[in-house]
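Listed in TrEMBL:
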type	residues	note
SIGNAL	1-23	signal peptide
TRANSMEM	231-250	transmembrane segment
TRANSMEM	291-320	transmembrane segment
TRANSMEM	326-349	transmembrane segment
TRANSMEM	361-386	transmembrane segment
TRANSMEM	392-414	transmembrane segment
TRANSMEM	452-471	transmembrane segment
TRANSMEM	477-504	transmembrane segment
TRANSMEM	516-539	transmembrane segment
TRANSMEM	551-581	transmembrane segment
Amino acid sequence: MEKLVAIFFSAILVMCCGSLVRSDAIDHHYKAGDLVPLYANKVGPLNNPSETYRYFDLPFCFPVADYVIEKKETLGEVLNGDRLVSAPYKLEFLSEKDSQVVCRKNLTKEEVSQFRNVIKRDYYFQFYLDDLPLWGFIGMINRLDSTGQNERYLLFKHLQFEVLFNKDRVIGINLTNTNAVADLTEDRGLLVDFVYTVIWKETDTIFEDRMKNYLPSFSSPNYFHIHWNSLSNSFVTILFLTGCLVAFYMRVLKKDFMEHTYDEVLADDQEEKGWKYILGDVFRYPNHKSLFAVVLGSGTQLFTLTILILILGLVGVFYPCNRGNLLTALVVIYAITSGIAGYTSTFFYCQLEGENWARNLLLTGCLSCGPLLFTFCSLNTVAIAYKATAALPFGTILLIVVLWIFVAFPLLVLGGIAGKNRKVEFQAPCHTTKCPRDIPPLRWYRGVLPQMALAGILPFSVIFVELSYIFTSVWGYMFYILYDIIFVVFIILLIVTALVTVALTYFQLAAEDHKWWWRSFLCGGSTGLYVFGYCFYYYYARADMSGFLQISFFFGYMACISCGIFLMLGTVGFLASLLFVRHIYGSIKCD
């Protein structure tokens with residue numbers, strides 16, 4: 001078993017390092033006149049980050065045949081929708097140009113209409129110069145009056161590149177549009193001269209700090225203040241919950257223990273009540289124990305995935321210059337950690353005296369990959385219909401399939417076999433009676449749904465502030481680098497989830513309701529439902545997204561993420577409750 005664990009983590013390190021290290025990482029030293037690589041990436045409406053298209057899907061000047069270069073991209077870059085191709089603009093190091101003509105293009109009536117439609121939707125374009133991103137708008141609408149009746153559609157035809165350099169390295173890039181525009185208001189053909197200007201300016205910024213201009217913490221003095229205030233409030237929440245539970249333990253549970261053990265003779269004569277009354281039923285196995293073991297296995301896998309991703313973020317693997325590393329890490333580590341899902345699910349299933357462990361293992365594989373596969377296929381079909389860059393090429397799909405067949409599935413099976421062979425009986429301090437007790441009628445607020453709604457409030461309040469920044473980063477254009485803060489927030493989230501679930505489990509047992517297994521899992525995972533509810537708030541109140549493609553991608557992927565949060569925190573809530581229940585029933589005499 002120890003060898004299996006060692007091999008497993010060695011595989012994680014080798015595959016992660018091999019997948020996340022960019023072989024073409026930019027650290028170029030240039031001489032005067034050297035061509036600085038400039039790539040055109042994609043275009044799309046500003047408010048729809050998932051709806052992007054290839055740059056040359058629009059009738060821009062196309063590079064000459066011998067200059068067209070498609071940049072080789074990593075798995076994460078392809079998943080992010082990046083499709084880099086050499087731009088028609090040539091920038092030589094320290095070589096300035098003034099109104100250099102790229103091409104003279106005779107736009108047809110259809111091409112003018114195409115440009116006019118994208119200007120109406122606020123399309124932007126994205127370039128990469130020496131691996132530094134830069135954005136610009138394709139055009140603008142000039143409204144001549146407040147009524148909106150007289151609108152002029154203007155195409156920017158003159159780009160000005162202001163490049164910052166330090167000695168022989170490129171440090172920064174600014175892109176501006178001049179007053180030279182082409183009026184596309186009339187529905188007719190037009191001759192347009194596309195030109196550009198290049199200006200070089202020296203700076204004292206060192207190469208290692210060149211990405212700081214893209215980070216929000218350096219542009220907003222209150223950025224860290226907001227995050228640390230949120231952390232302070234979360235710490236206060238933890239202290240409050242811990243204090244309440246400690247006081248409760250000292251005054252209620254300790255009193256119950258003393259009453260039960262003070263006088264053995266009196267204890268035998270007295271009729272038990274509350275949580276002590278159901279000691280013969282509290283460790284009765286839950287209904288649908290195969291499914292229960294499966295969700296615990298998937299939750300454990302997602303918990304491990306989250307920890308590894310946060311650790312990689314802390315060591316700087318996901319720094320903004322490392323494009324695509326986050327998505328690559330998610331795919332690779334998710335495939336590797338399938339062994340953990342198989343091991344945990346089968347191990348717990350066998351502890352619950354399950355017999356068909358192979359079927360349980362198959363169900364684990366279906367739950368861990370089924371929803372993702374369905375979502376991916378559906379969204380990829382939508383992207384193909386829209387001809388968006390989010391549609392994955394056949395080679396990338398084949399790579400993911402190979403990763404599942406030759407990495408994820410074998411590790412899932414190996415983990416399941418290891419879990420089956422580890423024959424450990426379920427540790428229950430009390431014997432379970434043959435006939436279950438009837439659960440007394442409970443008030444409405446002790447039902448599953450009210451308890452889930454109550455359980456998710458505090459954990460969600462812990463992550464609310466960071467969640468807004470994460471949404472802005474994932475569904476916007478802001479870089480997120482505060483992995484140290486999000487790691488602390490994640491630890492606080494786990495603690496609060498555990499404390500809240502333990503408290504609700506006690507109140508359930510005190511009401512003589514012994515079906516706490518599924519309840520503790522559902523209450524612990526209810527934060528995932530709050531996160532999905534926040535998606536609707538973000539979509540309608542914070543974002544300005546529109547269109548079927550963007551709606552599909554936003555709610556499709558956020559449903560998967562929310563489901564993952566539900567499984568992960570549900571597992572944490574159940575395990576915390578299991579330790580608590582074992583402790584309190586192990587502290588009293590069980591005949």
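Cβ atoms are placed via backbone N, Cα and C, with glycine included.
Note: TrEMBL annotation is automatic and uncurated.
Remember, it's a predicted structure, so these values are computed and weren't measured experimentally.
Count of Cβ pairs under 8 Å against the transmembrane segment (231-250): among 291-320, 326-349, 452-471, 477-504, the largest is for 477-504. Most Cβ pairs under 8 Å to the transmembrane segment (361-386), among the stretches 326-349, 452-471, 477-504, 516-539, 551-581, belong to 551-581. Tertiary proximity for the transmembrane segment (477-504) is limited to same-chain residues at least six positions away from its ends with a CB under 8 Å from its CB atoms, namely 49, 135, 214-217, 227-228, 230-231, 234-235, 237-238, 241-242, 244-245, 248, 306, 310, 313-314, 318-320, 451, 454-455, 458-459, 462-463, 466, 469-470, 519-520, 523-524, 527, 569, 572-574, 576-577, 580. In terms of C-beta pairs under 8 Å, the stretch of 291-320, 326-349, 392-414, 516-539 lying closest in packing to the transmembrane segment (452-471) is 516-539. Across 326-349, 516-539, 551-581, the stretch most heavily in contact with the transmembrane segment (291-320), judged by Cβ pairs under 8 Å, is 326-349. Distant neighbours of the transmembrane segment (326-349): 8, 11-12, 15-16, 19-20, 74-77, 79-80, 289-290, 292-294, 296-298, 300-301, 304-305, 308-309, 312, 317-318, 357, 360-361, 364-365, 368-369, 400, 403-404, 407-409, 411-420, 422, 424; these residues of the same chain sit at least 6 beyond its ends, with a Cβ under 8 Å from one of its Cβ atoms.
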